[in-house]
């Protein structure tokens, strides 16, 4: 049970004052792809500005001044973004990273400066969850402090987080994923174009069942995809958002962080995400309660989470490997 005082402190307004400082409305899509077709795997190119809180996390190599996209992230405000802890298994120094905001297309291994409306920023601090486990992917969540602060505008804006009282995301519902990851499981490079795809939230009991993930799913996870596979996040999408629409506010809420999976787009092996709702207290403790935008979401029914037990730790997920460090030369 979360303290009442924390709940009151974290009842954060989403009313705009100055959008350039990222204090404006959160979760607002500036543009949408109206084609509705369906490559993420099984997705489509996203329109520029469709997901303005999307951030490209790029490894910076000093010997040739080149940048390589390796993970995604979600902008929370002008100074902080949310991503996955496993993105930092090898590269943990702030000087190893560059952040690109407002992008639709990212170029692999470029040494060219970005041009407006894109913005490039450095990293001041990386905060990895204290109980993150690389073997089980428990607590796969991290924060990055941006320097200098990013300026929000037409293609850049903050994402929303769920409020405490929202509870876990409601199942069933159709949500969205986005990223620059692989377009097929055996690809060798990430997609240059931002991809988006609709995915269904999957009951954790089903996701944790014998023929699915067989006890590997934790109560702090969200599963999303389809029983037959075919549409999924993949390598390079890690750290990016799983987003559900709040119909009352007409905003999108980041309910999950792309974490792990067995292969990509396989049947009965949907994407596994870190539930942001489970870590709201942790996020607020690191960046301050007034620094996050929150939106109420429909509460999950009690029947939607049976079988979502914390893993014993003896069963380890076949986590998508840190492929990107082998590809960068």
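Keep in mind that glycine also has a Cβ here, set from the backbone N, Cα and C atoms.
The annotation active site, charge relay system is assigned in Swiss-Prot to 86 (among others).
According to Swiss-Prot, the active site, charge relay system annotation covers 140 (among others). The Cβ neighbour count for residue 140 (active site, charge relay system), using a 10 Å radius and every protein chain shown, is 30.
Sequence annotations record features per position, and here Swiss-Prot assigns active site, charge relay system to 238 (among others). All protein chains included, residue 238 (active site, charge relay system) registers 29 other Cβ atoms within 10 Å of its own Cβ. According to its DSSP assignment, residue 238 (active site, charge relay system) is coil.
Sequence annotations record features per position, and here Swiss-Prot assigns disulfide bond to 71-87 (among others). Residue 87 (disulfide bond) falls within a helical segment according to DSSP. Listed in sequence order, 57, 70, 71, 142, 238, 239 are the same-chain residues six or more apart from residue 87 (disulfide bond) with CB atoms under 8 A from its CB.
Annotation note: residue 175 (disulfide bond) sits in a strand segment as assigned by DSSP. In this view, residue 175 (disulfide bond) is surrounded by 22 other Cβ atoms within 10 Å of its Cβ, with every protein chain counted. The disulfide bond annotation in Swiss-Prot covers 175-244 (among others).
Taken from Swiss-Prot, the feature disulfide bond applies to 207-223 (among others). Under the three-state DSSP scheme, residue 207 (disulfide bond) falls in the helix class.
Among the features that Swiss-Prot reports, disulfide bond is placed at 234-264 (among others).
For 40-288, the entry in Swiss-Prot reads domain 'Peptidase S1', with the evidence type sequence analysis.
The annotation N-linked glycosylation site is assigned in Swiss-Prot to 19 (among others).
According to Swiss-Prot, the feature N-linked glycosylation site maps to 208 (among others).
The signal peptide feature in Swiss-Prot is assigned to 1-17.
Here is what falls inside 10 Å of the CA of residue 208 (N-linked glycosylation site) among the recorded positions 86, 140, 223, 234, 244: 223. Taking Cα separation as the measure, residue 234 (disulfide bond) is nearest to 223 of the disulfide-bonded residues 175, 207, 223, 244. Between the CA atoms of residue 244 (disulfide bond) and residue 264 (disulfide bond) there is a gap of 21 Å.
Spatially, by CA atoms, the recorded positions 140, 175, 207, 223, 264 include one closest to residue 86 (active site, charge relay system), and that is 140. Most Cβ neighbours within 10 Å among the disulfide-bonded residues 71, 264: this distinction goes to 71.
Residue pair residue 264 (disulfide bond) / residue 223 (disulfide bond) shows a Cα separation of 13 Å. Summarised as a single figure, the pLDDT of the domain 'Peptidase S1' (40-288) averages 95.
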